[in-house]
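Listed in TrEMBL:
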- 1-18: signal peptide (SIGNAL)
- 42-60: transmembrane segment (TRANSMEM)
- 72-93: transmembrane segment (TRANSMEM)
- 113-138: transmembrane segment (TRANSMEM)
- 193-212: transmembrane segment (TRANSMEM)
- 252-275: transmembrane segment (TRANSMEM)
- 281-302: transmembrane segment (TRANSMEM)
- 323-342: transmembrane segment (TRANSMEM)
Amino acid sequence: MKNLFWVSIILLPPVAVAECTCELDGEEDRNRAGALKYKLAAIGAILAASAVGVCLPVLGRTVAALSPERNFFFILKAFAAGVILSTGFIHVLPDAFESLTSPCLGEKPWEDFPFAGFVAMVAAIGTLMVDTYATAHYQRQSEKKNRKKAEAEDEEEGMVPVHTHATHGHAHGAVSTESGETELLRHRVISQVLELGIIVHSVIIGIALGASDSPKTIRPLIGALTFHQLFEGIGLGGCITQAKFNAAAITLMAIFFSLTTPTGIAVGIGLSNIYSETSPTALIVEGVCNSASAGILIYMALVDLLSADFMSPKMQSNLKLQLGANASLLLGAGCMSLLAKWA
């Protein structure tokens, strides 16, 4: 018993010392000049990876293998969806919990309440509402436009609106057209909401990297974020391709996505003198934004990317494609999860 007592006394001090503090880790590793070189390298690498990722599916219009109708496109999109899903669950949401439960916040009114999870849930529900109402709004507009177009065509042909076989055929054609337009509008809503969710957490990641003065911290982040942005870009690019935007809209969305993280890094560099990642304001803003972003990304990955493709007739009727897509999904989620130790 005496030996056990002395062993416990010896082990107590390290346990007591291992308390949470608000001090930044690695103060001795700080090197502003050295860190700046890595930050500039990160801007170039992430910008290139983002641009390649988001433009790759768009090239499907000219490269047959990347066409949205090909099986390879489904498999590639499943991998990208796995990356996005893992980003929400493994990277963004845990960071949100860490920020909102930090000891640097002092006394927190939500200390016994999982506020990060609550914000993520509300964001997911909000995304569902936006998704539903936006799709319904565009669908009503499309139906109204088609109705006016049909009436104009009938007037030009001098047709009287009576119940005949001709009008029957016209109605069937209109239903088919409306169904195609509804699906197209759905893809457009998905691509816009997905880009919003990606942009929110990309800005936060960029600012955090840009504000860091530790080369030891930045070095592994360059590779992790480059991989991260490449495959998030592929997922977004796939949605943009299916939405069939015009060239100007595609270019704008691709540029906006590609510049988000590099811009965040540039802002972080500018704020590095005054930005403190342990200040209560920074922690709360970062925690809430990360929580909301996680909710959006998880909803979009599961509902709009995976469910839509995995439940499609093309996937359901092809066992090999199902197996390939599932394997690709697990590979994407697994690879992104492994990067959690660096990102």
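Every residue gets a Cβ built from N, Cα and C, even glycine.
All TrEMBL annotations are machine predictions without curation.
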Proximity of the transmembrane segment (252-275) to the transmembrane segment (323-342), 3+ C-beta pairs under 8 angstroms: no
The transmembrane segment (113-138) in contact with the transmembrane segment (323-342), cutoff 8 A, at least 3 CB pairs, sep 6+: no
Leading stretch by Cβ pairs under 8 Å, where the reference is the transmembrane segment (281-302) and the options are 42-60, 193-212, 323-342: 193-212
